[in-house]
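This report refers to the structure that appears directly beneath it.
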Amino acid sequence: MEGDPYGRFNVTKNCTIVVANPLDWSVQSAYLLTIRSGVHNTRVKVELSDVEGYPPVYNETCETPVNPDGQTGDLLYSLTTSGEFVTTTVGCPVGKYGFLCHKTCICKNGARCHGFNGACKCPPGWKGVACDIPKQDVSITTTPGDLRDIYISANIMFHCKAHHVDVRSMSVTFPNATKNVHFHVNEIYFVVPNIQPTNSGPYTCQVRDTRGNTLNTTFVLNVTNCAPDTKGARCDEVCGCLQGASCDRWAGCVCPPGWTGTRCQTKCSLGTYGKNCARNCSCLNGASCSPSDGKCDCTDGWYGKDCSKPCPNGRFGLLCQQVCACKNNATCNNVDGSCACVTPWTGRNCDQLPSTDQPLLESLVSLGSLIVLVAIVMTILYKKGILACSAPDTGEEDKILFELRRMEQDLAQSLQPGWLGRWEKKIKHLTPGPLIGEGMFGLVRKGKLHTTEGELAVAAKTVRVEDSQSYRDFYREAAILVAVHQQRDGDCRESNIVRLVGLITKSAEKYILLEYASKGDLLGLLRRFVNINEKDLLGNILGYAVHIARALQELGRLRIAHRDVAARNVLITADDVAKLADFGLARDVYATTQYVRCNRPGVDDELLPLKWMALESIETDEYTCQSDVWSFGVLLWEIATLGKDPCYDGRMQLSFLQMVGILRQGIRLERPPGCPEDLYRLMRSCWLDVPDTRPTPEGIEERLLQLRRALLPHDVIAMETVV
Ligand code: AMP
């Protein structure tokens, strides 16, 4: 073949012309090819058209570093640990590009490949999309190559080189206009020692070829900086900066936030922070303030951005992590948890009555007057409507529905009159047993319920703190469970939502009675396994995921979003059936690692299970059945890692803004070791940005069943009774 000196095309044996190397309209827009085969000549004209967007442009400004130790599986970008939306480049390994570093570069002859779009930055002497077409050129390079290393008193070496040129002469012109000419060489090296500002200016290399054509190129040297750690007009003063501060020729040490002094040797004084310690701290209640960013480190009993908020009811201590033990309406001290009792209660936890050596009459009189007083106050408050949020006593159902209507119109509408009453059980029929768990709003005890058919093991949930928020959460869960169970009425299939046994709302102690799941929660169960690669283990535990996919189908039919689908909220029954539990309680949790406090505009210090939440739920508070699907994807990830805490971009703890930033960049949880590609693909589909493009719970169930069939031996599948 002729007419193709740079090997853009190939001809196969059956005379097909193949594009063998990238074509570039700007380099050559037409080719006239002559193909010789024996005595036959065939001429073909190939005309290129200029396609918009091709070839990709190499944009120097947003280039990313190459990650020399990188491996495939790297990401191009990650967030810094401290900054919200501030990005640091990580870079792809050599020869790779794209956000996931999974695309292969085509750049030749040592050309650099752009991290984002794979565009090639050709070295001197080469052109074309892949830098594989020779180009007549002359270049100047310097050593050191990094301009930051060129400073007053350093030595610099220049290198002029002609590429693909038949050189007759080569000359160098210096900033002072002197010129050196050399004949029949195609490169020149020269050194400028001990450079000074007077050496600044243009250095031009010019090449003349044997046909009289000239090519030239110019490098402009600008020397203004001193050597590292020196400053002053003559660069003869030492900076001696501490804390990794940089040394500026005129300003001296430029201190990082939190430090001051000529060498950055002094920490910001108490109450100040930031660059040059110029900002004032706003931390309250004895909190210390970080000198670098002013963040407050709250003392025991306080929380919030400036530590101005006392721990919420029922919590005390550092980060409000401890649970108060005060009983009988006592007030709990937010700092040390001590209880201020209401008469007549005494004792550390206000759970004792005065000893009997107190004169009986005196106690009775004070108790009697207290009751009268409380009754009067309650009547006044009730009439004024102030007690509308407190625990209901009479007309339970009306009040509960009223409360629900205030919160969630949809939920209230899904409850028909009389439904709540149907589930009411008598307190005398319940024998509460040992504590088996602590939930968001309450405590969970194992218990026995005496029914006409005999004794039934139940889990009995109560409110922990008697405040309106806890009651609201209590009734919210009760209402959802009633709605789910009433609407399934007559459906005899086993449900994958934890079974409601009854409610006790008419006594002082209120309970939600649930079927007792003897194997506890899924997270605990997963963490007891040792190795995911054990024979059939993943296949077996994916059975639980199938069950929860069915629970999501049930909720979908009822148009209820769970909002906190996670392994910790899945219970496993004695028959090994997974059941979704704990409905809509996420907001009442304080200071756990799974729930992160978020300062969303207009939302006051909310606690959210951020790492399980869909992008739209985090950004716009939107919860739907599709956002439950996202959380379900995280649950699958928990299964595949045997209960690891989700970790995005190598970090366990992420603020609200960091999480949004990470998800918006397309970063998702990584594929766990040993996780089959198909399962990971299913997880990733649950984490698609657009809610409607995520799979449906029905689709998820089908894909999980296929996966299980691939993972488990046929006899196991055949023996299984589908629940
Ligand atoms: P919850 O308030 O639903 O988050 O429950 C708190 C903890 O109590 C759970 O993590 C379980 O360990 C336990 N628990 C809740 N409900 C049940 C149940 N029906 N059967 C057994 N354990 C339960």
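Just so it is clear, glycine is given a Cβ too, placed from its N, Cα and C backbone atoms.
Heads up, TrEMBL stuff is auto-annotated, nobody curated it.
Looking up Cys307 in TrEMBL gives a disulphide bond to a cysteine among Cys298, Cys320, identified as Cys298.
DSSP states for the domain 'EGF-like' (273-308), grouped as helix (H, G, I), strand (E, B) and coil, give 3 helix, 9 strand, 24 coil. DSSP assigns Lys461 (ATP binding site) to a strand. Spacing of Cys298 (disulfide bond) relative to Lys461 (ATP binding site) is 32 Å (Cα to Cα, whole number). Taking the C-alpha positions, the distance from Cys307 (disulfide bond) to Lys461 (ATP binding site) comes to 32 Å.
If you average pLDDT over the domain 'Protein kinase' (430-717) in this model, you get 84.
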